[in-house]
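Enquirer: Quick one: the structure is below, and I'll ask about it shortly.
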Amino acid sequence: MTEIATTSGISSVGLLSVGAYRPTRVVTNDEICENIDSSDEWIYSRTGIKTRRFAAPEESAASMAIEASREAIAKAALTGSDIDGVIVATSTHFLQTPACAPIVAAALGCQNVPAFDISAGCSGFGHALGIAADMIRGGSAATILVIGTEKLSPTVDMTDRSNCFIFADGAASVLVGHSPIQGIGPTVWGSDGEQAAAIRQDIDWISHAENPAGPRPFLRMEGTAVFRWAAFEMGKVGQQAMDAAGVKPDEIDVFIPHQANSRINELLTKNLQLRPDAVIANDIEHTGNTSAASIPLAMAELLATGAAKPGDLALLIGYGAGLSYAAQVVRMPNS
């Protein structure tokens with residue numbers, strides 16, 4: 001019997017660089033409150049958000065991904081031709097087809113490479129990172145661009161007092177490739193589809209097209225249900241990720257949870273029993289919840305400000321729509 005040949009790749013994989021793109025328009029809580037009965041103090045006390053960024057009308061998930069990726073590629077001293085895979089995590093590429101990733105790959109000069117999207121809500125970046133690491137270890141690629149990009153502002157009903165102050169726009173990219181030491185631990189991921197309605201689009205696009213005079217689709221969220229699930233279940237996921245990577249809580253230098261709500265992340269930090277001096281990402285304060293882009297955006301900010309250092313051991317936990325989650329232990333990139 002003829003055996004089918006297979007491939008194998010390098011075992012030590014890590015993050016080479018990170019690039020970020022933040023839209024220029026800053027939206028304050030006071031501006032949000034022009035459409036709802038609320039206040040800057042109320043929003044901040046419950047979410048930790050002071051401001052967020054909204055993309056311009058001409059900007060898209062793809063255009064922001066391209067800008068973030070150009071920065072990541074430049075920081076790694078590479079060119080588009082050095083990249084042999086592009087994975088985009090997004091829920092806001094507003095075309096059924098073509099996917100966002102091939103558009104991004106072409107703009108960056110990544111020719112004839114696998115380029116595809118994944119949609120896993122706010123945990124999308126963790127899913128994409130896990131897939132990229134496994135592709136490289138399996139020999140399917142050597143250097144992969146992993147991107148989280150979202151333009152959530154058009155999906156939000158700005159009169160919905162339950163979530164209109166939460167979501168925002170932005171993109172960030174990491175380059176994944178060979179590392180002298182292991183830089184990405186095993187991915188712990190999963191989903192709970194029984195809670196799918198907790199974060200959802202309320203009307204599908206076909207129903208809207210058949211009744212254009214009716215209400216348009218918006219993003220809806222059951223905030224209390226999501227808060228309880230994330231605050232009390234994601235600590236277990238984080239511990240599983242540390243166990244899988246063979247590290248202990250007191251060895252974690254940096255904690256980068258999905259930037260959904262600073263109160264959730266305070267509870268997660270406590271439940272994980274991290275070191276008192278561990279750096280906790282709080283990019284949400286001035287960025288809002290950017291879904292699949294939030295973890296790499298927070299990573300970029302920590303490195304840019306010097307709060308975290310290259311090589312620091314970091315725990316990443318993404319969680320959100322699905323409900324879904326993905327977590328890894330990684331080493332912070334050099335740039």
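From the backbone N, Cα and C atoms, a Cβ is placed for every residue, glycine too.
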Enquirer: Quick check on the annotations: Swiss-Prot lists region 'ACP-binding' for one of 89-93, 179-183, 259-263. Which range is it?
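Expert: It is 259-263 that Swiss-Prot annotates as region 'ACP-binding'.
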Enquirer: For the region 'ACP-binding' (259-263), jot down how many residues DSSP puts in helix, in strand and in coil.
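Expert: Across the region 'ACP-binding' (259-263), DSSP assigns the residues as follows: 2 helix, 0 strand, 3 coil.
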Enquirer: Which of the three DSSP states, helix, strand or coil, fits ASN289 (active site)?
Expert: strand
Enquirer: Could you measure between CYS122 (active site) and ASN289 (active site) for me? Cα positions, answer in whole angstrom.
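Expert: Approximately 9 Å lies between the Cα of CYS122 (active site) and that of ASN289 (active site).
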Enquirer: For CYS122 (active site), name the DSSP secondary structure in the helix/strand/coil scheme.
Expert: helix
Enquirer: Which residues of the same chain, at least 6 positions away in sequence, have a Cβ lying under 8 Å from the Cβ of ASN289 (active site)?
Expert: ILE49, ARG52, CYS122, LEU152, ILE166, PHE167, ALA168, HIS258, GLN259, ALA260, ASN261
Enquirer: Just counting, how many other CB atoms are there within 10 A of the CB of CYS122 (active site)?
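Expert: By my count, 33.
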